[in-house]
């Protein structure tokens, strides 16, 4: 039942995802929408270099000319200054201060964005003669296709990736390659270990499923970015699949680590020092684990509403993202405190080393995202997403490697006697305790 609950909470996130805001945009410029929300940009993009280009193709050019349609480009910092200015500006005055303006009067037009000292975000606004006027009459929408391009390595404007996304395609290629090489080397021996149904069977099974989900997320991200590099749209389904795999993996790892820590801590308080520390599947430990997992699942789903772009580690300006970071910090501190209590009273050096190593893996898993998100604040905006995404993935891979080495170590199987009877409630029923041994 608990296993089905975890998958149900994870799959619920699928219904929240829309299409990614690709750098090739198709739709219609609507005068009514521009008049109702004139300060809402139709696109945002992080340009860099001297030959970045905004290309616009219009189908019904006669309507665009009749409306005196225009595109106004603002640097993000300049737009924020204008928005926060003490002096009030009228609608017309605000748009007149745009750094670049394109009059939409041809079927296809290019606007070059040049002399950019460093990568920065630009906002694109649609404006016509009705936007800032009180009088308005219904009119036909202007059908368009907008392509935003940065210069490639040779200086030609052919790169669909913004400054904040450049390099992620290559990173996911290397990550998939690393997963493939690792699988070729270790997959067979790991599978044989799991098939033996030893004392670590439950832990290794959940850990391996989480690792496979992480690898699946990397493959889906690579396929999405590969398609994105060609058309600026990508494969929205693969982007959604990558986030789904990552969410399920995060939930499984949370429940695994929290269940073990809560079981050990609560079990230690109940048992005397003379008896081995064992997994305690009491309602208290299981209930706490389930409550925390449900809370994280709700926050992850909520986060999808705040940011529909396809990347697993979203911007941290929204309330849901902030609460997620706060939850991870609280989890790391509480688990560290619980394990510290166990370590301080443990007399066996080998057991103490085991718990210390396990604590390091838990803290690394939970704190890597909050720490990297905090560190990224000191960098420029276009660097933050890459720092958080690449850093979190690498840190969580290291955490998984530490856990694998810990639970596959034969010398620790029997020394840490509590683990000889570990039964995770999400994988194996309590009736199967102590049935299988090496």
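Positions of Cβ are set from backbone N, Cα and C atoms, glycine also.
Of all ranges given (322-343, 410-431), TrEMBL attaches the label transmembrane segment to 322-343. Outside the transmembrane segment (355-380) by six or more residues, the chain places 118-120, 253, 257, 260-261, 313, 316, 325, 328-329, 331-332, 335-336, 339-340, 342-343, 346, 387-388, 391-392, 395-396, 398-399, 402-403, 406 with a CB less than 8 A from a CB of the stretch. Within its own chain, the transmembrane segment (171-191) has Cβ neighbours under 8 Å at 204, 208, 215, 218-219, 221-222, 225, 389-390, 393, counting only residues six or more beyond its boundaries.
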